[in-house]
Amino acid sequence: MKSFKLILFFLAFAGLAYGQNQQAGKAIVKIKPQHLASCGSDHIEIEALQQYFQNQGISIIQKFPNAKAPVARSFDGAGVEIRTIYELTFNQSQNIQKIVNRLKRFEQIEYAEPKFIDNVVFQPNDTRYADQQPDLELLNAPQAWDIIQGNPNAVVAIVDNGTDLDHPDLVSQLYQNSAEQLDGSDSDNNGYEDDINGWDFVNENGNTEVADGDNHGIHVAGIAAASTNNNRGVASTGFDVTYMPVKVGEGRTINFGYDGIVYAADNGAQVINCSWGGSNYSDYANDIVNYATINQNALVVAAAGNNGVDEPFYPAAYKNAMAVSSVNSAGEPSFFSNFGYWVDIAAPGENILSTVEDGTYNNNTGTSMAAPAVSGAVALLLAQYPSLTPNQIRAHLKATASSFSQLDSSNSRFGKFGAGILDMEQMLTSSLTTPYFSMDNVVVTDSADNILEVGDTVYVYASLTNYLAQSSDVWLHLNTDSNFIVVDDSAGFGSFSVSENKNNLDQPFRIVVNSPNELDINSVLQFDLYEVNSTSILQTFYKEVILNPGFINVDDNRISTTATSIGRVGYYDNNNTLGLGLELEGGQSMLFEAGLMVGSDQSGSPVVVDDIRNDQSRDRDFSPLNSITRIPNPGFAFLGQGSFTDTIPNLLRNDSLGILVNQRVMAYDEFGQDQYVLFEYRIRNVTNQLQTGVRIGFFTDFDVENFNQNKVNTDEGRRIVLTKGTGETDPLAAIQLIEGNGFNAYAVDNVNGGGGGIDISDSLPSSTKWQLLSETRKTAGNTRDVGNDVIQVLSSGPYDIAPNDEVKVCFALFAAETERDLYRIADSAYFRYNGVFLNGREKISQKDEIQFYPNPVKSTVKLVCESCKSGGTLNVKSITGETVLTKKVVGNTQEIDLSELPTGIYLLEIQSGQNRYVKKLLKL
């Protein structure tokens with residue numbers, strides 16, 4: 001069954017280490033909004049979910065029961081429903097990603113993901129400067145204050161690790177919840193008791209005072225909102241604004257950041273400052289930013305991060321957040337600041353003087369300091385233009401930003417530090433009469449699998465929204481780097497009214513991939529916006545795309561999976577975002593991880609090369625030589641070829657044997673052959689030494705339905721290791737050794753202690769991987785009646801491989817609804833590849849007793865059979881064994897008309913006396 005699969009490519013390809021920045025025993029799920037009526041505070045009235053939660057020992061709590069319902073705003077589209085979001089708590093020993101993967105299978109769930117932990121982003125610096133003048137002058141803040149000096153009705157929420165409630169430069173600006181009485185009750189019915197000055201999510205009370213030494217939140221608050229012109233301390237960009245402290249963590253750890261955003265938005269903050277974040281994209285976090293922006297009309301301003309890398313940092317990189325990078329007081333980009341086309345604007349972030357605990361002041365450095373400078377400025381802008389929407393504010397600040405020092409087109413950060421440096425004077429003096437656009441969405445597609453490779457014709461669709469003023473007719477021009485040949489490079493959009501959105505669906509850009517034969521090329525599309533009949537660029541937008549990714553989807557029959565250029569199968573990355581896993585007829589993936597393993601113990605110290613998990617993340621022993629590429633061939637629904645080796649040093653390589661692997665991946669779509677994919681590997685010894693005792697295995701971590709209710713069985717007769725869920729209707733997934741000497745299986749109980757077998761729950765070094773390849777265990781999943789989490793390794797060998805010699809093995813990966821189907825598929829796969837059933841019957845002739853030619857054939861084939869002089873019978877069979885044509889054989893030479901047969905592979909069986917022959921033939 002051919003289906004269209006869209007893979008979203010995140011530029012940080014390698015992914016994160018298993019469990020990195022994830023809170024143990026926690027997950028987030030969102031129920032689809034149409035089930036809102038079923039959502040209670042600590043239960044969901046959906047029977048299948050209730051049963052699953054009960055079986056897994058999962059407790060749930062509704063995150064935002066009092067959140068505002070979605071509304072539609074002209075600028076920002078439909079609102080976001082967050083009342084259906086829940087936080088799940090379960091045993092901390094459980095594998096979070098497997099829990100999440102299983103939850104995604106429920107049709108009522110919109111998304112499920114780990115609960116991520118964020119961190120504050122500042123670099124303490126004890127060097128004290130006498131004043132803030134250079135930084136504030138860079139922003140033209142004094143000139144802005146001559147125009148307006150803020151408004152205490154503008155509320156900036158500092159969502160951080162707390163504040164100093166008594167700091168003399170902050171106390172007069174502190175938020176006061178006048179509707180709440182300090183009486184131990186929730187007087188204003190907002191769900192929080194005694195939240196007079198904000199809320200502390202760490203200790204669940206209204207005291208937002210910092211823990212000792214936690215100066216980050218205090219410092220941030222002073223930059224945005226310190227009382228100004230009061231003959232004390234420091235000045236803030238907001239001059240005279242109210243700040244709302246929301247405590248969401250302690251130390252450097254932020255555990256409740258997105259809870260804090262919702263609280264701030266629900267309680268009247270117009271600007272929400274987030275000087276923290278992380279590298280994990282989250283649907284949940286994106287929902288929360290959208291909720292604040294669209295439902296509650298609040299702008300989220302966030303720090304771009306301090307890793308000094310061209311990688312997204314969240315929440316700053318979400319579409320509706322305003323991302324702030326850092327510059328020094330001379331307007332030069334800070335070396336530590338993250339950058340990318342997702343950054344909106346820059347502000348000073350080096351050696352910034354601001355408030356700290358005990359009523360004192362100090363200097364700190366980081367994008368944490370740059371973000372609140374923008375937040376305070378936004379509050380100042382709102383004092384002058386209170387009706388602006390969040391996205392209008394963002395557009396206006398970018399439209400009025402000043403240029404960078406020493407950042408031109410020759411700099412690798414050009415275009416990636418934002419529209420410019422915040423200019424508070426221009427922000428207030430520039431009228432809202434000039435149009436300003438955002439490019440909301442760019443779709444880059446080859447109208448097939450969206451894996452962009454050399455020679456692909458690519459169509460590019462873009463949508464624009466105008467935020468500030470009526471525009472004249474405009475058009476976009478597309479520029480590309482040398483990785484593309486441009487065919488159609490322009491698209492007209494006409495004029496725009498305020499808030500209007502348009503796209504080029506009827507006039508797409510068209511380009512052809514012309515990149516080098518290298519993997520994972522990061523290419524940039526540049527869109528220049530012009531007014532009609534003008535040569536002056538109004539704005540420039542960028543889109544990054546990945547070319548020649550090191551994987552390809554095999555989606556050409558009833559099962560779908562992904563082949564890679566590094567030995568992994570199912571997924572290219574750790575986070576299971578790049579790839580299909582193993583799907584049966586478009587269902588949920590039944591595969592968590594799989595890949596090739598090759599090992600030897602000839603030196604007395606086992607060496608296993610692979611690209612699967614290890615102690616911390618995963619081994620990356622294999623490096624690609626030739627990317628896995630689809631090869632057109634009428635004999636296959638899919639044929640892919642590529643090669644990789646363990647001989648290229650890289651930072652993630654742990655082991656090397658000195659091998660080169662040529663792989664072929666094959667799939668068919670004829671009935672009976674359409675439920676498996678073959679992975680063929682030719683393992684070549686590229687050393688000058690004999691390699692002895694080599695074992696070649698296939699590691700598979702199947703998760704069938706409930707991952708911790710699985711069992712493994714081994715069928716040695718069919719050379720199969722299979723995993724089955726213990727539910728009555730659960731499907732099966734299996735791996736089969738199609739070609740290779742020897743057969744060995746090791747079934748793993750993936751539980752603490754190993755369930756009586758090898759324990760891999762905490763670590764999987766090469767020594768343990770060698771045990772999995774060389775030892776035998778035929779069953780797993782018996783620690784409980786209902787089964788448990790299991791893994792299986794099927795291996796072939798041992799082999800002795802001489803220098804420059806090779807061995808060939810082939811594995812079949814498949815899935816089925818029933819055990820009977822699975823065995824039928826296994827027999828078909830084995831016979832299709834080998835021409836012989838496992839019991840040795842119906843062997844295909846390898847000699848010259850019979851010949852058919854031409855082969856392949858379009859219509860008439862000539863039979864030559866030296867042993868058929870006395871006559872015989874010819875049966876033409878489909879690959880499933882069904883006889884589709886029978887002819888009498890007369891003499892040893894005969895022509896046979898096959899023109900009526902459909903295209904496909906057939907078995908020609910001749911019975912002549914006591915002799916029986918079978919040959920494969922391809923009908924075109």
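Placed from the backbone N, Cα and C atoms, the Cβ positions cover glycine too.
Those TrEMBL annotations? Automatic predictions, nothing curated.
What TrEMBL says about this one:
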SIGNAL    1-19  signal peptide
DOMAIN    153-415  domain 'Peptidase S8/S53'
ACT_SITE  Asp160  active site, charge relay system
ACT_SITE  His216  active site, charge relay system
ACT_SITE  Ser368  active site, charge relay system
DOMAIN    853-921  domain 'Secretion system C-terminal sorting'
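Structural mapping of features recorded in TrEMBL.
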| residue | record | Cβ within 10 Å |
| --- | --- | --- |
| Asp160 | active site, charge relay system | 30 |
| His216 | active site, charge relay system | 29 |
| Ser368 | active site, charge relay system | 32 |
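Per DSSP, the domain 'Secretion system C-terminal sorting' (853-921) is made up of 0 helix, 43 strand, 26 coil. Counting only the Cα atoms, the space from Asp160 (active site, charge relay system) to His216 (active site, charge relay system) is about 7 angstrom. The CA atom of His216 (active site, charge relay system) is located 8 Å away from the CA atom of Ser368 (active site, charge relay system).
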